[in-house]
Structure formats: structure tokens, C-alpha cells
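> This structure is in C-alpha cells; I'll ask about it shortly.
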Amino acid sequence: MLESHLVSHLVLTVIQSLFGILVNGIILIVNGTDLIKQRKKLIPLDLLVSCLAISRMGIQLVFFYINLLVVFTFVNDLGLWFATWLSVYYCIKIATIAHPLLFWLKMKISKLVPWLILVSLLYACSTSAVHVKYKWAFYGEGFLDLFFPNVTTHIKLTPTLQSAFLLAEFALPFFIFLISSLLLIFSLGRHAWQVRNTWTGPRNPHTHAYLRAFHSILSFLALYLCHYLIIALIFFQIFNLRSFLFLFCTFMVGSYHSIHSITLILGNPRMKQNVKALLLLRK
């Protein structure tokens with residue numbers, strides 16, 4: 001018989017998934033409504049945000065199905081890549097660092113976004129296909145031990161293989177995201193400091209906008225780092241699979257996608273206004 005905290009975990013995870021689908025669905029509805037009204041293609045930023053929302057809805061939909069572990073790996077890797085490219089897009093569009101590469105990317109980023117999405121799809125497909133056998137060995141063994149502790153599996157993962165999985169799937173998007181986020185934070189902080197020290201009139205609205213963007217990116221970075229840390233703890237089975245800490249980590253992995261989607265809505269004035277209008281319309 002399952003312990004009470006396992007049952008509570010299942011109930012909370014169901015609620016979490018439904019909430020995540022709702023939040024990301026709102027993003028898709030808002031962008032889809034704008035697309036229908038304006039009768040033209042989405043701007044690159046909205047395209048990235050929409051793809052990110054779709055991937056996160058996919059994560060919530062397949063979270064419970066052990067037989068769809070490869071699909072979970074695919075949409076999870078895809079979501080991490082879309083979040084990475086979103087950070088890169090913000091960095092290129094907002095950062096004021098004088099560098100030839102950044103200048104070239106500013107001119108080309110709108111055309112590169114569809115190609116970046118395609119590369120993310122191919123990368124996620126390749127990692128899912130290569131690791132399909134061992135993904136079941138890791139996740140299948142973990143979930144079987146969680147709910148059926150007396151069942152044993154024949155395939156075991158070595159620590160070296162676990163490290164290889166972690167590096168292959170998460171290292172590249174993590175470093176790209178980290179570099180772009182730190183560059184953007186540095187650029188925003190420097191610009192806000194310069195404006196604050198040179199502006200002598202009333203409160204500068206540009207400073208407020210830069211500070212809002214700075215706080216948004218900083219929260220994005222904190223969420224992303226926490227997500228990777230929790231994934232590493234789960235991946236290497238630091239905690240017992242039936243312990244409260246392990247269940248808490250798995251709950252937080254799912255919560256990351258919903259929390260970041262909320263910060264995307266709150267950090268985008270146009271989307272925030274459209275969400276308010278949508279909620280008022282529902283009433």
C-alpha cells in the first residue's frame with residue numbers, strides 16, 4: 001500500500017500539470033488571437049514564446065506516462081533549448097555590448113530563429129533516439145522502485161554513463177543560456193547605472209524599463225539554475241526514491257515550466273494586458 005505522502009505527491013502532480021497546461025495554453029491563446037487579428041506571421045519573439053509554451057504543455061501531458069519516457073525526454077530537452085534560445089534572443093536584441101559578432105547577430109537573428117528551432121528539434125530527436133534504451137533503464141527503474149520496491153530490472157546504469165547522459169543532454173544548452181544571460185545582465189546593469197548617473201530630470205522611464213528587464217532576466221536565470229540543479233540531484237539519485245526530498249525535487253521540476261511561463265507573462269506588458277483582457281472576457 002502506498003504511503004500517504006506518495007498519494008499526496010500524485011494528487012499535487014496532477015494539479016500541477018493541469019495548472020501548467022492552463023498557463024501555457026493562455027500564452028498560446030493570446031498569441032493565436034493576435035495572429036488571427038493581425039493576419040500576419042508571428043514576430044520572432046512571439047514565435048519563440050509560443051514554441052516554448054507548446055513544449056511545456058507537452059511536458060505536462062506526458063509526465064505520468066512511463067511508457068512515453070522517450071517522448072518526455074524529447075519535449076523536456078526541446079523545452080530547455082527553446083528557453084535557451086529565448087535567452088539568446090533577449091541578449092542579442094537588448095544587450096549594448098560592442099562586438100562584431102553581436103552586431104551581426106542583431107541583423108540576422110530574426111531570420112535565424114526558425115533555423116534555431118529546427119536545430120533544437122534535431123538535437124532533441126538525436127538525444128532521445130540514442131538514449132532510448134538507457135532512458136528506460138534509468139527512469140523505468142526509478143519509477144518501479146518508487147511504486148514497486150520489490151521489482152528488479154536487468155539493466156543498470158553506471159555513474160560514468162549517467163554523467164555522459166547529463167553532459168550530452170544538458171551541458172550545451174546550459175552553457176549557451178548561462179553566457180547569454182550573464183552578458184545581458186551585465187549590459188543591463190551597466191546601462192541602468194550610466195542612465196541613473198547622467199539623468200538629472202524627473203524619473204527616467206527608460207531606467208524603469210531596463211530595471212524591469214533586468215529583474216525578469218535575473219529571475220529567469222535563477223529558475224533555470226535551480227531546474228538544472230534539481231535535475232542533477234534526481235539524475236544521480238542523491239536522495240532515496242521514496243523519500244520526501246526526492247518527491248519534492250520531481251514536483252519542482254514540473255513547477256519550473258509553469259513558474260517561468262508566469263514570469264514571461266508578467267514581464268511582457270503587451271501579453272500581460274492581453275491576458276487581463278482575456279480573463280475579463282471570460283467573466
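From the backbone N, Cα and C atoms, a Cβ is placed for every residue, glycine too.
Heads up, here are the entries from TrEMBL:
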- 6-30: transmembrane segment (TRANSMEM)
- 42-66: transmembrane segment (TRANSMEM)
- 78-105: transmembrane segment (TRANSMEM)
- 112-132: transmembrane segment (TRANSMEM)
- 164-188: transmembrane segment (TRANSMEM)
- 209-238: transmembrane segment (TRANSMEM)
- 244-266: transmembrane segment (TRANSMEM)
> Please give the sequence-distant neighbours of the transmembrane segment (78-105): residues at least 6 beyond its ends with Cβ less than 8 Å from one of its Cβ atoms.
44-45, 48-49, 51-52, 55-56, 58-59, 112-113, 116-117, 120-121, 123-124, 170, 173-174, 176-177, 180-181, 183-184, 186-188, 190-191, 213, 217, 220, 224, 257, 260
> Six or more residues beyond either end and a Cβ under 8 Å away: which residues meet both conditions relative to the transmembrane segment (244-266)?
5-6, 9, 12-13, 16-17, 19-20, 23-24, 26-27, 49, 52-53, 56, 59-60, 63, 79, 83, 216, 219-220, 223-224, 226-227, 230-231, 233-234, 272, 275
